[in-house]
Every structure is written in structure tokens, then in C-alpha cells.
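Undergrad: Okay, here's the structure, questions in a sec.
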């Protein structure tokens with residue numbers, strides 16, 4: 001029982017990263033119809049930024065947790081204005097190539113300066129201990145990540161469903177043409193939403209720095225699973241991406257724990273789930289079939 | 001415009017033609033002992049991926065240092081004035097390694113290929129060396145197959161292998177830390193090979209493997225907590241967690257090992273394969289007390305340190321054992337060519353077989369004739385606590401020197417040269 005709870009907890013912690021990344025991808029896809037391949041690179045920049053801030057300027061984790069997402073959001077907005085924006089009217093493949101190219105450039109720039117060897121980043125001292133849950137104890141930092149990620153997801157959900165800004169963004173996301181017909185300037189919202197998605201990726205990166213290897217390829221490894229998560233949740237579905245994020249984290253953890261005698265299954269379980277979901281619901285668990293235009 | 005292009009092309013062709021006559025002709029005629037009148041060393045390794053820091057471009061630098069030292073030593077008496085280095089990136093892909101190796105031997109007139117990390121790539125290059133009848137000193141790869149079923153006349157395995165790592169770490173840790181092990185390995189060729197070697201060494205030393213798990217490779221989630229949580233719940237409780245992960249995955253395992261406070265729960269840590277660059281990534285604090293087997297350590301004695309100081313002035317960093325081994329391998333090859341008076345591969349191999357060598361990397365070294373395993377002293381090392389780290393990169397103390405004869409396995413009956 002204790003083991004099951006621990007594995008569940010761990011699954012949720014991994015899931016928290018998937019959820020934060022998938023949420024960003026989902027809002028970007030919803031608003032711009034752009035599959036942002038560079039999402040993993042921004043996650044990596046978040047972690048690296050935290051490392052650079054700490055070693056070069058002595059900026060602690062807590063400050064980095066604010067500085068990096070905001071800084072990357074601004075960078076994201078600049079990139080949207082400079083490049084992504086110009087290609088949204090063309091075949092989606094163009095933006096696909098653009099963001100893929102951006103990934104390679106960002107990765108290699110970091111590689112050039114810091115090499116491929118992972119860089120050290122310590123857990124902030126306030127979160128270094130462990131929390132006793134009676135049946136088992138758990139690293140404080142992991143508890144913090146889980147709580148923080150849930151808070152961010154709930155916050156985003158609240159903004160999107162309960163505020164006027166959120167209403168406009170949701171309308172722009174789901175029915176851009178119709179929203180435009182109501183006299184709302186959809187274009188004005190595109191850049192901030194892109195920046196916001198990138199900021200979430202940066203935030204996940206900073207959170208990952210103390211517990212994952214910080215190196216130029218850390219995002220490239222993770223992003224493949226995150227794409228599967230987004231597809232399972234339903235492309236563009238905000239709730240779906242978060243739910244699928246946590247769900248996949250759980251499935252992976254349970255798979256590793258209880259299917260360890262079948263490594264082939266436990267290694268590919270995410271994609272097995274994806275295939276099954278797509279057969280059953282081609283638009284993903286919470287996605288809506290595109291109405292014929 | 002078109003005319004200029006034509007003229008340029010024509011003159012370029014002329015230059016090549018003239019160079020071909022002037023350079024190649026007389027030299028190869030005058031001195032028939034060297035193919036093309038020069039010696040070309042090829043360094044084939046990972047220059048952009050996971051292993052580019054522990055070998056990569058700095059291995060090329062190490063080989064260049066060896067050439068400079070060789071020229072300084074022999075001056076006018078050196079067998080060749082023209083000794084150069086060719087280098088290529090194999091991206092850790094076996095097929096790329098194979099085609100780059102062919103290109104090096106055939107078109108770049110490379111006499112010997114050095115380094116080649118990543119076991120699967122290393123084995124492919126061994127096949128090429130055999131086919132082309134050209135020399136190959138493997139330094140970066142771990143698989144014992146290079147001196148086992150895939151051995152051949154032209155391939156030498158220079159620095160380390162899975163047997164050396166398991167024998168040193170597995171045996172000593174079982175004797176000194178605890179008998180019960182839990183092994184965590186990346187589920188692919190290298191990891192499986194390491195798991196087998198370690199299990200054998202542990203059992204031979206009177207220990208027991210109470211559990212072993214293959215983690216997904218590559219581990220896309222970056223999370224190993226399922227396995228780390230399982231370790232202390234096994235019955236009997238393991239005294240040691242042996243991790244066979246390498247590079248970034250090793251970093252993840254160790255970070256999470258510390259997060260779950262396994263050391264405090266009585267589960268020690270032993271690492272299968274670790275380079276000084278890994279300790280640098282993790283900081284010594286994260287690894288303090290961890291034991292592992294090292295093929296060479298830069299701050300072991302005065303001789304190593306002198307080399308490390310020179311290396312640092314060239315590259316800005318301290319050498320890993322792979323860098324030192326590349327330097328040594330290049331030196332020993334050049335010495336062998338000098339002694340033989342030719343770069344003819346068969347003659348050089350004959351000179352190398354059974355040779356006893358002592359240099360900055362090889363201590364009590366011997367190039368075994370039976371299987372071309374280069375044996376030498378290895379070291380059981382322990383990561384220092386942060387408080388004892390006196391200078392950057394000074395992360396390790398050597399607990400024990402493992403004599404060359406014990407460090408490596410006896411020649412395998414699978415190997416027929």
C-alpha cells in the first residue's frame with residue numbers, strides 16, 4: 001500500500017511537468033494553430049537560465065522562479081512578432097519547420113557556451129528536507145512542485161473561465177472567425193498568449209533544475225512525451241492537456257513499478273495509451289472534432 | 001561572371017595538379033617506408049553529443065600534444081616530419097562510425113583510428129579495421145567484445161572495459177560496504193553488459209544481487225523514483241545501490257538518490273562508470289563517499305599532474321582518463337612506427353604485441369599478444385566530501401591501486417586473432 005501511494009505521488013510529480021508543458025502547448029495551438037516544436041527548448045532555457053542566474057549573479061531559486069518565466073515570455077513574444085506571426089497564414093508545415101529550426105539553434109547555442117555535460121543546481125535549502133505523511137515520507141521539494149503546479153493549473157483555469165480576458169482568449173481559441181465577427185481584435189491576443197505558453201515552459205524548466213540533469217538536451221528528451229500528452233488530451237483542449245499530463249505521469253509511474261517484468265511495455269506505455277485513445281476517440285479524450293468548414 | 005567562375009575553377013584544378021606532382025611524387029618515391037610519406041592519426045569520436053566532453057575535441061588536443069612531444073623527442077631522427085591528425089564526429093551512431101572509418105582509412109590515408117566511444121559504434125569500426133587491415137586503438141568504449149568474440153589482429157582495446165569496472169567496484173564494495181546489492185541499469189547493450197559483469201563480480205566476492213531492474217533507455221521522463229523507492233523495500237534490504245547509468249541519466253539517478261535520502265536509509269551508492277566530468281556536473285557534495293573504478297586520475301601523482309597542467313593550459317580544463325589514454329595511445333603508436341621504421345600495419349602490430357609499456361597513462365602496462373587487451377594498473381577511487389576538495393576538479397582520492405594483472409580479465413577463449 002505504502003509503495004502504491006509513493007508511486008502514485010511520484011507519478012503526479014512527473015505529471016506536473018507534463019501538465020505545465022502541455023498546457024502551454026495547448027493554449028498556443030488553440031490560439032495560433034501552431035504546433036510549437038520549440039517548447040522543449042524553452043523548458044531547457046528555463047532550467048539553464050536558473051543555473052546561469054545562480055552561478056553568474058548569485059540570484060537564488062525563488063527569484064529565478066519569477067525572472068525566467070517572465071523573461072522567456074518576453075522572448076517568446078518577440079519571436080512571435082518577428083517570425084511565427086509571418087507564417088501563420090501559410091501551410092502549418094512552415095511553422096513546424098521554423099520552431100524545429102529554433103530548437104536546434106537554441107540547443108546548439110547553449111551547447112556552444114556550456115557544453116553537453118550537465119550543470120549542477122542545488123535544491124533550495126528551505127525545501128531540502130522531507131515531509132512525513134505517516135505511512136511514508138516524501139522529499140519536500142517534490143511536494144512543493146506538485147502543489148505549485150496544481151496551483152498554476154488552477155490559476156490558469158480560473159483566469160480562462162472566470163475573467164473577461166479568459167473569455168476572450170477562449171473565444172479566440174475555439175472560434176476565431178466568429179469571435180472576429182463580434183468585433184473583437186483576435187490578432188491583439190495572439191502575441192501575449194504565445195508569450196504566456198512559453199513562460200509556462202520556462203517555469204517548468206526552473207522547477208526541474210534541482211531534480212533533473214540540466215543540459216542542452218533535457219527538453220528534447222521530454223518533449224516527445226509531452227506531444228503524446230497533448231494528443232491524448234485533445235489538441236487545443238486546455239482541460240484535456242492538464243488532465244492527460246497528470247494521467248500520463250501516473251500511468252508511467254505505475255507501469256514502471258508494476259510492469260517491470262515487461263520492460264517493452266513499460267517503456268512504450270505512453271504511446272500504447274496514445275494509440276488506444278486515438279482509435280477510440282480520434283480527437284483525443286477532451287478534444288472536439290473539427291466541424292467541417 | 002561565368003567566365004570568372006570558369007577561370008577560377010581551371011586555376012584551382014591546376015593548383016591541385018601541380019601540388020599532386022610536387023608533393024606526392026618525390027616523397028613517396030624517396031622514402032618508401034611510409035605510405036604517402038606521412039603519418040596520419042585519425043580521431044573518431046563524439047564531438048557534439050553526450051560523450052563530447054569526456055572525449056570529443058579535447059581527445060584531438062591530447063593527440064596533438066602527443067605528436068608535438070614525439071617530434072620534440074626525436075627531432076631530425078623522427079621517422080616522419082609530416083604527422084597530422086584527421087578527425088570526424090560519429091554522433092554515437094554505428095552506421096556513421098562505420099562510414100567515417102572507411103573514409104578515414106581509404107581517402108584520408110589514416111594509419112590508425114583512435115578513441116571511438118559508444119560500444120556499438122566501436123564494434124563496427126573494429127570490423128572496418130579488420131577489413132582494411134589498418135590499425136585501431138579503441139579508448140572510449142567499454143564492451144569486452146572488442147577483445148572477445150569481435151577481436152581481430154588490428155584492433156587494440158586500450159583504456160578500460162566493463163570487466164575492469166565491475167571487478168574493481170563490484171568486488172571491493174561487496175567486501176567493504178555490504179553484501180546485498182540492488183542493480184539499476186539502462187536497458188540496452190551497455191547496461192545489460194554491465195549488469196552481467198557486476199552480478200558475476202559481486203557473486204564471486206561472496207555478495208548477492210537481491211534485485212536488478214532495467215530502466216527505460218532513453219528515460220524520457222528523467223524520473224527514476226520508482227526504482228529508487230523500491231530499493232529500501234526489498235528483502236533482504238540492499239546495502240548498496242549499483243547504478244550503471246551514464247552521463248545525464250547518471251546525473252538524474254544521483255540527484256534523485258539524494259532527494260529520497262537513500263544513504264540515510266542505509267543504502268550506499270556505487271557507480272558503474274563515472275568520469276571526472278560527471279562528478280563536476282553533480283558536484284562532489286552530491287556524490288561524497290561514492291566509490292567507483294577509475295582508469296586514471298589526473299591528480300594521482302606528480303607525473304599525472306604535470307600532464308594535467310599542460311592539458312589545462314591547452315584546453316582550459318582537466319583531462320578525463322579518456323583524454324590521457326588518447327595521448328598515451330598516440331604516443332605508443334608513434335613509438336612503434338619509429339621502432340619498426342615503417343607504418344606498415346602488420347609490422348607495427350608485430351612490434352606492439354607483448355610489449356611492456358610505462359607512460360603517463362599506462363602504469364605497469366602491457367599490450368597483451370593473445371587478445372590485444374592493453375592491461376595496466378586501475379584505481380579504486382572515492383569521491384571526497386566537499387570540505388576536502390582543495391582545488392577545482394580535485395574531487396577524488398584513490399583508495400587502492402588495482403594491479404594490472406588483476407584489473408583485467410584473462411584472455412577470452414572467444415577471441416581468435
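Using N, Cα and C of the backbone, Cβ positions are placed for all residues, glycine too.
From TrEMBL, here are the annotated features:
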type     : residues  : note
TRANSMEM : A:12-30   : transmembrane segment
TRANSMEM : A:60-80   : transmembrane segment
TRANSMEM : A:92-110  : transmembrane segment
TRANSMEM : A:141-160 : transmembrane segment
TRANSMEM : A:189-210 : transmembrane segment
TRANSMEM : A:222-250 : transmembrane segment
TRANSMEM : A:262-280 : transmembrane segment
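Let's see these features in context: how buried, what's close, how far.
TA: For the transmembrane segment (A:12-30), the residues of the chain that approach it from at least six positions outside its boundaries are 36, 39-40, 43, 142, 145-146, 148-150, 152-153, 156, 169, 173-174, 193-194, 196-201, 203-204, 207-208, 222-223, 225-227, 229-230, 233, 235-238, 240-242, 244-250, 252-253, judged by C-beta separation under 8 angstroms.
Long-range contacts of the transmembrane segment (A:60-80) within the same chain, counting only residues at least 6 positions beyond its ends with a Cβ under 8 Å from a Cβ of the stretch, are 32, 42, 45-46, 49-50, 53-54, 102, 124, 190-192, 194-203, 205-207, 209-210.
Under 8 Å from some Cβ of the transmembrane segment (A:189-210) lie the Cβ atoms of residues 16-17, 20-21, 23-25, 27-28, 31-32, 34, 36, 39-40, 42-51, 61, 64-65, 68-77, 79-81, 84-85, 88, 121-124, 141, 145, 148-149, 152, 156, 168-169, 172, 218-219, all in the same chain and six or more residues away from its ends.
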Undergrad: Checking distant contacts: for the transmembrane segment (A:222-250), what same-chain residues at least six beyond its ends satisfy Cβ-Cβ under 8 A?
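TA: Non-local partners: 8, 11-23, 25-27, 29-30, 37, 39-40, 43, 153, 156-157, 160, 173-174, 270-271, 273-274, 277-278, 281, 283-288.
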Undergrad: Near the transmembrane segment (A:262-280), which same-chain residues lie under 8 Å Cβ to Cβ, leaving out any that are not at least 6 residues past its ends?
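TA: Contacts with the transmembrane segment (A:262-280): 225, 228-229, 231-232, 248, 251-252, 255-256.
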Undergrad: Within the same chain, where does the transmembrane segment (A:141-160) have neighbours whose Cβ lies under 8 angstroms from its own Cβ atoms, ignoring anything closer than 6 residues to its ends? I mean 6 or more beyond.
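TA: That would be 9-10, 12-13, 16-17, 19-20, 23, 123-124, 127-128, 131, 166, 169-170, 200, 203, 207, 210-211, 238-239, 242.
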